[in-house]
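Novice: Structure in structure tokens, see below.
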Amino acid sequence: MNPRVKIAAAAALVLALTTSLSACGTNTAQSDAQSSQSSLQSEGSAIPEVDRSGTANFPDVTGGFGEDPQIFAGQGQAPSTVAVKTIHQGEGAEISVVDSLVVNYELALWDGTKIESSFENGRAALFSLQEVIPGWTYALEKQHVGDRVEIVVPAQWGYGDRASGQIPAGSTLVFVVDVIDSSANVAIDESLQSQGTPTGEALPEGVTVEGEPGAEPTVSFAQGASAPSGNSRTLLVQGAGQTIVEGDYVLYRAVGGPFGSNEQINSSWALKPQLINAMQADLVGQSVGSRLVFVLGAGANEQQGAIPTLIVLDIVGILTVN
């Protein structure tokens, strides 16, 4: 067992994996997005009308694919439906609402106020379309890898009557998005998943993980099991596939929940595999087909009120962004 899981990696894993198991990121565009999806779904109106004609009232923007855009203030009445204009047509895979995307984007308000830009901070963003505002989910559906699109999202399909960070309540949002890559581009070799080799590494005391390589695992805790004093990582199965390198994104399936609670175990195996940044999650050097067990939120993080979480992560593929 390797107890030295980096604090930043632990935070990235807790955020990404617990979000996928409960099916947003740390920036404004993702903040509160999942609750926005949930509230709309509870109202039974979670699918917006999307105008893809490109003829709606769009603010002027500058720049081609890969270039830092400028979004000018909108003129007149903002569109009342989600509006999409393809600025550059890509030739990659078509996007579906269950995909995870690697994108660069800039967000502004209708009056031109810039909120944030991944172009400027130099880090592409990673999103599951199931975990962002509905305006993003359905605007990017049917677009393609390689597209640059401008999107106008009315407040109803953004953050509604709630403020989110620098975004005032009731705001119309304007995005320029470059779709760099998608989980749809990764072909998962299911036969490879069963070719891993058990390592014999010991799990934390009181934890049992059962299941053959490539099959959905089960997790159980002994009565009274207590989490380790610090974050930990155990390699249960050494995968037989490609080795993960710096810059890769990892497709994964996960099972887990609060440490010690057999009643709160959840699984993402019935869903499409999700993506996580390999470097941020400290997965560089692992391989496709591997199964790892993480205990996260223990030790120092526990002092901040975090509940330790155990997650069994199966690496099923790699997305390499050029």
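Note: Cβ is positioned from N, Cα and C throughout, glycine not excepted.
Annotation source TrEMBL lists signal peptide at 1-23. Per TrEMBL, the feature region 'Disordered' maps to 26-61, 190-217. The compositional bias 'Low complexity' annotation in TrEMBL covers 26-46. According to TrEMBL, the domain 'PPIase FKBP-type' annotation covers 98-183.
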Novice: Should anything in the same chain at least six residues away from the region 'Disordered' (190-217) have a Cβ under 8 Å from its Cβ atoms, list it; otherwise answer none.
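Specialist: Contacts of the region 'Disordered' (190-217) (Cβ under 8 Å, skipping residues fewer than 6 from its ends): 1, 224-228, 232, 234-241, 253, 255, 260, 267, 269, 288-291, 293, 295, 310, 312, 314, 316.
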Novice: Averaged over the domain 'PPIase FKBP-type' (98-183), what pLDDT does the prediction give?
Specialist: 94
